[in-house]
Amino acid sequence: EQSSWRFWQKRRLLVALLAFFGFFNCYALRVNLSVAVVAMTEPVETELENGTIIYVPEFDWSSQTKGLVLSSFFYGYLVTQLPGGWLAAKIGGNRVFAIGIGATSLLTLFTPPLAHTSTALLIAVRIVEGLFEGVTYPCIHAVWSRWAPASERARLATFAFSGSYAGTVVSMPLCSLLAHYTGWPGIFYVFGILGLVWTTIWWLVVKESPEKDPHITAAELKYIQESRGTQTVEGAQLRHPWCAMLTSPPVWAIVVAHFSENWGFYTLLTFLPTFMKAGWVSALPYLAMALVLQVAGHLSDWLLRRGTFSRTNIRKIFNCGAFLSQTIFMVAAAYSSNVVACVVFLTIAVGLGGFAWSGFSVNHLDIAPPHASVLMGLSNTVATLPGIISPPLAGAIVTDRTAEQWRIVFFISSAIYLVGAIIYGWLCSAERQPWVAECEGASFSTDGASVTTARGIDNKAMDHTEM
């Protein structure tokens, strides 16, 4: 029996760890410009030809230009959600995940020279970065549809997703240090190189499925197959029942829940630094989210294994319970009489979102494993809209930064959480949907004695005579 601390000998855990750092890189590459733009636009000492010393910004951007530069990423990010999920189902989520982060990392290295050349080129490269990074969330579900046993979906998926929040918490202060000691271009060079290093490791280590991993043990392969099922659809032959998916109530339960959670997330991500004024304090809610995700994923799978509740009820309890609690704590924050109480309530509200992610974010894998990447693409497309809508809406409301204006922002988020809880509780299901079985005419068997990988290595774990 393998030692429990040797996680790398359990290949699905190694995939989860590398996926964690993949999402860490995703968010580090996404938020780096938010910090760099401060250094890029603050006045610096400049000596004129006549010896006069003046202070002018390196990039003299108006607030409108700065807003366009910062928001340009999301216009690309919105476009490739569905295509990314579709492509991952066809050619393998592991490849698309690597290409998405690798290309974003490479473009990040070119950001400083392009910024000096033209603001329009900087905006263009940020849009293209968004296009590549837009595939990441959908395609990771294509990976989990092959790698995650049914009883471990929540813990593996939420552990990987928590890398996003860890990346946000770590990268923002690290970007500030890099800007101070190396200049703002150092932010892009450091995170670009880290992203390329991660891409190389992921490409070499993570295979499309456990059947194609030459290093997986026979016991782990058998466990995954028996839990997940030994038959799956070849990507090239997979057909998505679009009409059935788009008219499925459980699908729209996921979409509404994803939208609701992201509304609060993007609103606070944009305005917490302004509202709280201290950068380290504004990172607390996302640190709480990263920690709660670990607890929620394990607790969800533990309840499922014990048979305490049905899978559908577990998803409803975690998602709706989180949304209702977030509604309460958002209202409490709105009526807080002092800053400390408000920070505590907002931290709890955001942190509780980790329980919601153990509901809706793995629900795609419950209802339609072969189509999970496309369904995540659909839900994340709609869930990206709050990133475009909520910050300008909140900005239009909070003009004087009064308590009454902030209260309105919190009330809107509370109302959206409440509506999300009601709709998800009404429409949610975690049962495999009938329209999934209808399209699974093609499959390949994993009962052969061995499988030859792309590297030409026979996977000896496929030899069932060793069991």
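The count begins at 1 with the first shown residue.
Each residue, glycine too, has its Cβ placed from N, Cα and C.
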Query raised in the report: What range among 2-23, 68-89 does TrEMBL describe as transmembrane segment?
Result: 68-89
Query raised in the report: According to TrEMBL, which stretch among 248-268, 374-394 corresponds to the feature transmembrane segment?
Result: 374-394
Requested in this report: Note the mean pLDDT of the domain 'Major facilitator superfamily (MFS) profile' (14-432), expressed as a whole number.
Outcome: 88
